[in-house]
Every structure is written in structure tokens, then in C-alpha cells.
Amino acid sequence: MGSAPAVHDEALEIDSGEKRLNELGYKQELRREMTFFKTLGITFSCMAVFTGTPLYGPSLRYAGPAPLIWGWIVVTFFTWFVGIAMAEICSSFPTTGSLYFWAAHLAGPRWGPVASWCCAWLETIGLVSGIGAQAYSGSQALQMIILLATGTNKGGGYYASRGVFLCMYIGFHLIWAVLNTFSLQVIAFLDIISISWQVTGGLVVIIMLPLVASPTQSASYVFTHFEMAPDSTGISSKPYAVIMAVLLSSYCLYGYDAAAHITEETKGSDRTGPLAILSSIGIISVFGWAYNLALTFSIKECDLNYLYDENNETGGALVPAQIIYDAFHGRYHSSAGAVLFLCIISGSFFFCGLSATTCAGRLVYALSRDKGIPFSHIWRRIHPKYKVPVNAVWLSATISILLGLPILKLDVVFTAIISISTIGWVGGYAVPIFARLVMAEEDFTPGPFYLGKARRPICLVAFLWICYTCSTFLLPTVYPIRWRTFNYAPVALGACLISIMLWWFLDARKWFKGPVRNIDTQNGHI
């Protein structure tokens with residue numbers, strides 16, 4: 001009799017996210033110790049303030065500043081539809097399997113397995129290649145830091161070769177994998193630093209860069225100037241050029257599903273998960289646009305060709321680095337300030353890649369738990385002390401390293417990696433959103449964040465926008481198409497998807513039934 005109240009109190013105190021997890025058929029295996037602020041840190045880091053830095057130059061070259069600046073506003077508008085649709089589903093299904101788990105339950109017993117299969121692999125491709133995108137960006141920023149710190153391209157500075165660049169690329173992966181070997185609290189602590197780093201550093205760059213730059217561009221130039229470069233891009237169609245210019249925004253404004261991947265480790269995840277998704281979109285949309293404005297106002301000359309000149313101070317390799325260098329050298333006759341700003345930007349890539357590795361490891365672990373990956377028994381193992389999926393983390397990092405090996409031969413590796421990442425990552429969003437759009441409302445169990453009758457128009461707009469975004473990243477980026485400038489993303493992605501679907505029809509459909517319950521429930525209770 002004396003123990004009954006204690007049992008009753010324990011039942012009352014069970015976390016709402018854990019309770020919902022139990023109702024969905026999963027037992028709590030990971031440590032549920034993340035708060036909203038820590039979850040926001042990881043989600044915010046996966047998006048990152050400066051993540052579009054490598055794409056700024058190509059986007060500016062296609063059509064000038066106006067499409068780049070206004071394109072961000074358009075993409076932000078449609079991103080909110082996707083984020084709101086995702087937040088509602090996350091509130092109902094707070095599991096580490098996230099998107100593919102959502103797809104399985106929303107698509108129903110008939111279509112659930114194949115929907116889950118497609119979504120799981122799209123998401124895996126997107127997340128794993130997303131690690132590579134951040135490693136490439138970080139390596140490029142580090143390459144510029146070393147070049148400017150040692151004398152610039154004109155002054156005999158050291159410009160890292162392809163081989164050294166690849167070593168940097170691999171080094172980032174190894175550091176991220178090692179850090180993700182320890183408790184998630186370590187990553188959470190680093191991501192709290194990430195928020196401070198990116199918010200403080202972002203404000204410093206955004207405010208100081210236009211103040212340092214002299215002269216600056218006029219508002220008319222920034223907001224209305226349209227300028228194509230058919231001689232360098234091979235694109236003479238204005239609509240095509242505008243679509244290419246907007247790729248920067250499409251690439252930057254995703255990754256907010258990171259909150260969903262750690263919901264099994266987050267307190268009150270049915271509420272904190274959706275809130276972290278929407279908060280990240282809001283913060284990044286404002287900071288990202290302000291960063292693009294700061295760069296564009298700080299361009300030294302109206303003739304943009306000098307930014308891409310192989311003989312300029314940065315070798316024409318990273319346009320924002322040249323803009324920042326011009327600002328500081330023009331006022332102080334020194335590159336020290338530019339090196340400092342590039343260190344801030346490089347740190348942003350570091351934190352973003354660290355969080356992407358965290359999310360990729362959780363996804364591979366969840367898919368292994370549901371027996372959807374060969375040798376699943378290996379990848380689903382949890383570290384006995386730190387309670388993290390170590391093997392899944394290292395598998396993700398290894399595959400991402402292999403994806404970047406063409407750096408040694410091809411000039412368009414980054415274009416291909418971000419295309420694969422965006423199509424896989426954002427394409428994975430489309431499956432559960434479409435399933436939510438067409439499912440019967442009585443079959444949906446809403447969480448605290450519920451759209452009600454608004455879900456159909458919101459999901460429809462979100463789904464159509466995702467289809468548009470994915471299609472644009474399959475387009476050739478330079479004409480005429482040659483081997484060294486060929487966007488190999490459609491080929492690589494096509495080969496992967498064909499293999500995955502063949503695997504499904506020939507074998508996996510016989511045994512993969514979607515998420516595998518690991519506890520028995522009855523009427524929603526353990």
C-alpha cells in the first residue's frame with residue numbers, strides 16, 4: 001500500500017514526449033536530457049547564418065544583386081509553409097526516425113512501407129551529403145584564411161592545392177565524428193556556443209562590414225540592378241538566370257528538421273520540437289538576408305567581373321572573401337580584419353557540420369533499429385556509457401568522405417554535393433507532407449501543435465514548393481556542358497534512387513514493413 005503513491009506519482013511525471021513515444025510503440029533507449037534551448041542550438045546550427053557563403057558568388061554572377069536579394073524573400077515565404085507543415089507532424093510523432101517514421105504512419109498500412117522506404121533513403125542521402133557540403137565550405141573558408149594570412153594571391157600567399165584541400169575536407173569529418181562519439185551533452189554544449197558564436201559573429205559581420213567598406217553600393221544598385229553574364233555562365237535566358245540566382249536561398253533555408261531527429265532525447269519534444277523548427281526558420285531567415293545585404297552593399301565596384309578574376313587577392317575562388325578583403329584593405333591597408341571575419345564564418349561551418357553529423361547518425365541509427373540498412377545490427381549499437389549511436393555516426397562520416405573524393409579532379413564537386421544534399425534532404429520532406437495532405441483527418445492523432453482545417457492548403461503549397469526546389473537543383477549550372485563543369489548530381493542521385501527502388505521491388509518489400517515497434521502497447525498504454 002505504501003508504494004502505490006510513488007508509482008502513481010512516477011506515472012504522472014512521465015515526460016509528454018516519452019509518453020507519446022510509448023504510444024507509438026517505442027521504448028525510451030536514448031537519454032532524454034535535451035532542453036528547448038539545446039535543441040534550438042542543434043537545429044539552428046544545422047541551418048547556420050553563413051551557410052550560403054560559397055554559393056553567394058555564383059548566384060550573384062547569374063543575374064546580379066536584385067534577384068539574389070529578392071529571391072531570399074520569396075524562398076523564405078514558401079519555406080514557412082514547409083516548416084509549419086513539418087511542425088504539426090513533428091508534434092504528433094516525436095521520434096528519432098522522424099520523416100520516414102512520419103511517412104509510414106501517415107501513408108497508412110497499404111502505402112506506408114514503400115513511403116517510409118523512399119523517405120528514409122532520401123533523408124539519409126540528404127543528411128550524409130549535407131555533412132560533406134559543410135566540410136567543403138569549411139575547407140574553402142580555411143583555404144582563404146591561410147591565403148590572406150600569408151600574403152594574398154597577389155603577394156605570394158599560400159593557396160592550398162587540391163590534395164591539401166581534400167585533407168582539410170577529411171579532417172573536418174574526423175573531428176565531427178570524434179566529437180559525436182561522446183555524450184550528446186557535449187554536442188549540446190558546443191551548440192549553445194554555436195548560437196552565441198553565430199548570433200554575435202553574425203551581428204558583427206552584418207553591422208561592421210558595410211561600415212568598414214568604403215565606398216558602398218547604393219540601395220538602387222542592391223535592390224534593382226539586374227546583370228547577366230552569358231560569357232562566363234553560358235546562360236542567356238533571363239528566367240533561367242533568375243532560377244539559378246535563387247539557388248542560394250533554397251540551399252540555405254532548410255535543415256530545420258534537425259529538431260525532429262533528436263526528439264527522443266528532448267524533454268517535452270511534442271512541444272519543443274515544433275517550436276525549435278519554427279524558431280530556427282525565423283532566426284535564419286532574418287540573419288541570412290541581412291548577411292546577403294551586408295555583402296552586396298560592400299561590393300567595391302559595380303563591375304562584378306573583378307570578383308571572379310583568378311588574379312585577384314583571393315584567386316577568384318570565394319567571392320565573399322574578396323568582398324571582405326576589399327573592405328578592410330581599402331580602409332586599413334591590412335588583411336587582418338578579413339582574416340578575423342573569415343574565422344567567424346569558418347566557425348559557423350564547423351558548428352553546422354557538427355550538428356549535421358549528429359542528425360545523420362541519429363537517422364542511420366533509427367533506420368538500423370527498423371532493420372532498413374544492411375548489417376543493421378552493427379549500426380544500431382549504442383555506446384554503453386554515453387548512450388549515443390557511435391557506429392552510425394562513423395558510417396555517415398565515412399560515406400560523406402567518399403562523396404568528396406572527386407575534389408582531386410573536378411571543379412564542380414561542391415555544386416554536386418549541395419545538389420544531392422538539397423534534393424535528398426528537402427525531397428524527404430515531401431513524402432510525409434504529401435501523405436498528410438491526402439490522408440483522412442480522422443486517422444490523424446494531433447499533438448499540441450495542430451493546424452486543423454488549415455492543413456490542406458498549407459501542405460499543398462509546401463509540397464509544390466518542394467517539387468520546384470528539387471527540380472532546380474538538377475539543372476546544369478554552366479553551359480556548354482563539359483566534363484570538368486558537369487553537374488554530376490543527377491547521375492549520382494539517379495543511380496542511388498534506381499538502386500534503392502530496385503532493392504525495394506526485388507527484395508526489401510518482402511521484409512521491410514516500416515518502423516518496427518520494440519514495445520507492446522494496448523489502447524495507447526504500455
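Cβ atoms here come from the backbone N, Cα and C positions, even for glycine.
The feature transmembrane segment is assigned by TrEMBL to 36-57, 69-102, 114-136, 156-179, 186-213, 240-260, 272-291, 338-367, 388-408, 414-438, 458-479, 485-506.
Contacts between the transmembrane segment (338-367) and the transmembrane segment (272-291): absent, as fewer than 3 C-beta pairs lie under 8 angstroms at sequence separation of six or more.
Highlighted: of the candidate stretches 69-102, 156-179, 186-213, 458-479, 458-479 has the greatest count of Cβ pairs under 8 Å to the transmembrane segment (485-506). Within its own chain, the transmembrane segment (240-260) is flanked in space by residues 39-40, 42-43, 45-48, 51-52, 55-56, 58-60, 62-64, 67-68, 71-72, 74-76, 79, 82-83, 86, 90, 94, 98-99, 130, 228, 233, 266, 272-274, 276-278, 280-281, 284-285, 288, 292, 355-356, 358-359, 418, 422, 425-426, 428-429, 469, 472-473, 475, 477, which lie at least six positions past its ends and keep a Cβ under 8 Å from the stretch. Each of 69-102, 114-136, 186-213, 388-408, 458-479 was scored by its Cβ pairs under 8 Å to the transmembrane segment (272-291), and the highest score goes to 69-102. Counting C-beta pairs under 8 angstroms (sequence separation of 6 or more), the transmembrane segment (69-102) reaches the transmembrane segment (414-438) with 3 or more such pairs.
Below 8 angstroms of C-beta separation, residues 54-55, 58, 82, 85-86, 88-89, 99-100, 102-103, 106-108, 111, 115, 118-119, 122-127, 129-130, 132-133, 136-137, 140, 250-251, 254-255, 257, 403-404, 406, 444, 455-456, 459-460, 462-463, 466-467, 469-470, 473-474, 477, 487-490, 492-493 of the same chain, each at least six residues beyond the ends of the transmembrane segment (414-438), sit close to that stretch. Packing against the transmembrane segment (114-136) from elsewhere in the chain are residues 46, 48, 51, 54, 97-104, 106-107, 169-170, 172-173, 176, 255, 349, 352-353, 356-357, 359-360, 363-364, 367, 372, 396-397, 399-401, 403-404, 407, 413-414, 417-418, 420-428, 431-432, 435, 493, 496-497, 500-501, 504, 508-509, 512, 514-515: each is 6 or more residues past its ends and has a CB under 8 Å from a CB in it.
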